[in-house]
Amino acid sequence: MWKLFKSFIFHLRSLLAQTLTFLTAECVVACMPTAKATEQMDSYTEGKKTEAKTDNATEEHEQKRTTTKTTRTKTSTRIRKTSTRKRTRGTRRRRRKRRRRRRRRRRRRRRRRRRTRTRRTRKIRTRTFRTKTTKTRKRRKEHLEQKQEKEEQEHLEQEQQEEQDQEELEQEE
């Protein structure tokens with residue numbers, strides 16, 4: 001799409017150059033209608049022609065600048081046009097945008113954190129924090145003790161069961 005647009009612009013430019021040369025030549029003829037004038041006009045148009053040629057040269061240069069690379073696939077060789085010049089402006093703009101976004105995010109996060117932090121600390125200050133921790137510790141301790149007792153009881157029950165089984169076996173014998 002971009003290449004098409006570019007070529008179209010080049011075409012327009014060459015057309016404009018041609019029309020300009022024609023008009024200027026006409027003006028020259030109108031001003032000096034003599035043999036000398038025609039000579040001058042011819043030289044003028046020649047100069048313009050060379051200018052137009054240089055335009056074409058720039059176009060050719062542009063085409064050379066975009067080198068053709070062939071990429072091999074299983075089915076066919078595709079010709080891909082790749083530009084050798086770096087397109088910096090767009091990338092720079094994108095990077096700038098990204099940086100801005102990151103900065104904004106960071107700021108927002110910081111603000112949020114600050115707000116929440118102050119609230120949290122206030123809550124902690126209003127409560128008696130130490131007693132809470134000791135309560136939880138006590139609860140944990142009790143829970144652990146209960147667990148150990150349960151395990152011991154289960155272990156004892158298992159042993160008793162084994163003894164009973166053994167006794168039964170002996171009686172049967």
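Cβ atoms are placed via backbone N, Cα and C, with glycine included.
Because the structure is a prediction, the values reported are computed rather than measured.
What TrEMBL records for 1-17 is signal peptide. According to TrEMBL, the feature region 'Disordered' maps to 40-173. Summarising the annotation, TrEMBL assigns compositional bias 'Basic and acidic residues' to 45-65, 142-158. The compositional bias 'Basic residues' annotation in TrEMBL covers 71-141. Marked as compositional bias 'Acidic residues' by TrEMBL: 159-173.
Residues of the compositional bias 'Acidic residues' (159-173) grouped by DSSP class, helix first, strand second and coil last, total 14 helix, 0 strand, 1 coil.
Proximity of distant same-chain residues to the compositional bias 'Acidic residues' (159-173), defined by a Cβ-Cβ separation under 8 Å and at least 6 residues beyond the stretch ends, is recorded for none. Shown for the compositional bias 'Basic and acidic residues' (142-158): DSSP residue counts in helix, strand and coil, namely 17 helix, 0 strand, 0 coil.
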